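S.K.: According to TrEMBL:
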COMPBIAS  49-83  compositional bias 'Low complexity'
DOMAIN    99-421  domain 'Beta-lactamase-related'
REGION    32-83  region 'Disordered'
SIGNAL    1-29  signal peptide
TRANSMEM  549-574  transmembrane segment
TRANSMEM  594-615  transmembrane segment
TRANSMEM  627-650  transmembrane segment
TRANSMEM  662-679  transmembrane segment
């Protein structure tokens, strides 16, 4: 699960809103981290574990990719993976030296209390280590064999593995309409193409983003998964199979399908069919964490508080997307199984053919870019094919990286919101050391004669503002689109400037970032939407109506009109002081007062909206806040007052002077601009 509720993110988002709202109005508490248990790692052949991760630390990490041969969607044939680059066989001493040097300084710099790590090579766990504190309040050191961390969206890898188990058993079909398996509710048929398990695994189902209400403070606030999905399934905003847009709800839906066809609740299924066979005895998908494990659960921390503040335990209303808590040692077992055909010691969670199939590339917007391999993020680092996932959940940042060509796996987790940069740097440094640059590796593709042509067409770069494809369009969360656009420009020599970097053209529509860490291709969907697709997230060109420039102009126009409304009460007061008779009819005076009141209410709404977003938006994780629900009554008041002002204006028009008429028109123009803004961003009514 990927929830952006840390203060730096809130400040950045609110700062952009301030630019759209306020500007037009002018108006280690833990101590130095040190190795805690690198020397007490379980011996080779001892109990091991697994890891999984979400979409945080690695989501902004650049990658270098190599040219592939096809965008794959079928299952009828397999092309072999190309050779990998040179691999540096890791040993315990080399790994201990690397992490003992690299981890403590980064934890101190980023104000993260602690971290755990596990590394596997082939069928062995070769290193586990703990650094710093798992709990600053109790002073408990991180122990990779005992300390549980909340792995967030790495949970999805367990969900996808469960899906492949049921595909192997013949109960699920990756390419069947998911509605075939749903009993209590159905996915709306918004487009001719159905949502399938394959599109859920590739994050191409076309669901919009939904964040409000995905967490809960108590177990009693978590409804059964089927009920949660039936009530809050996101709107489909694009055809399936077109472009990836990371979706927590999509993963939750996949986990629900496993529960539907097996008759087992998700957490029980994971415990019985994955954790137990893999010897992950100190891991769980249950919330709250069972009593025998609860005392060893690490605590997440807000890195922006001084002293560091622990983040309360938050329940996940979508368990298949992020509920697992695990030790670094247990995560090693999961990685070993993934690298060894689904087997860990004598147990098999997948057959070898199914395990191989799971690691085949299943989607890429363009074959030259990174993509997905049945739920794994499929990238290339240093010429090596890498399957990975990362995770972020309320004070924890985690990452899991597999390098199949090197039989190498890495799991990292840090218990502070500042851990995103920490883990990203450590991952790149680890790959540079133990999977250094070598021969290019081509991702294994799923292909076949029946595979459909890619649904996107290449196009020239178009300057403008772009937003991640992972966004909302139908609820109040749409306002987040306005808060973080990325501007793209094109120089005369064809250089693209985007996301703070330069991208050089390399021919055939491919652009490579100046540092070589990322690639970019411009694409157009069947409905005309334009995309900038990278090795990581894809971005969608914003319409002019959504762009920050037009919205700034609109808000500025409203601000000018609203400020001018101050003339109405000032003029009335002046007449009263001078004891002059009213200059117009009662209807006209009412029209003026109502229009001025609507403008004032609109100003107040925008100011309070900015305050809401400057505040602790983490509360929205639990659902709409009382303050926001009350605040959203104001736009309805503005509409009612504007309508009443219009009626009174018509009645009193003839008795008004020319200057008053002109000013009233100015007020209505400003109010019209405000209403358009409120409508554009779903701020009229309670659209949660």
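In case you wondered, yes, glycine gets a Cβ from its N, Cα and C as well.
In terms of burial and nearby residues, how do these features look in this structure?
M.R.: A Cβ distance under 8 Å defines the sequence-distant neighbours of the transmembrane segment (627-650), meaning residues of its chain 6+ beyond its ends; these are 476, 587-588, 590-592, 594-595, 597-598, 601-602, 604-605, 608-609, 612, 620, 664, 667-668, 671, 674-675, 678, 683-686.
Non-local neighbours of the transmembrane segment (662-679) in the same chain are 551, 554-555, 557-562, 564-565, 567, 591-592, 595-596, 598-599, 602, 635, 638-639, 642, 645-646, 649, 656; each lies 6+ residues outside the stretch with a CB under 8 Å from one of its CB atoms.
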S.K.: Average pLDDT across the domain 'Beta-lactamase-related' (99-421)?
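M.R.: Mean pLDDT, the domain 'Beta-lactamase-related' (99-421): 97.
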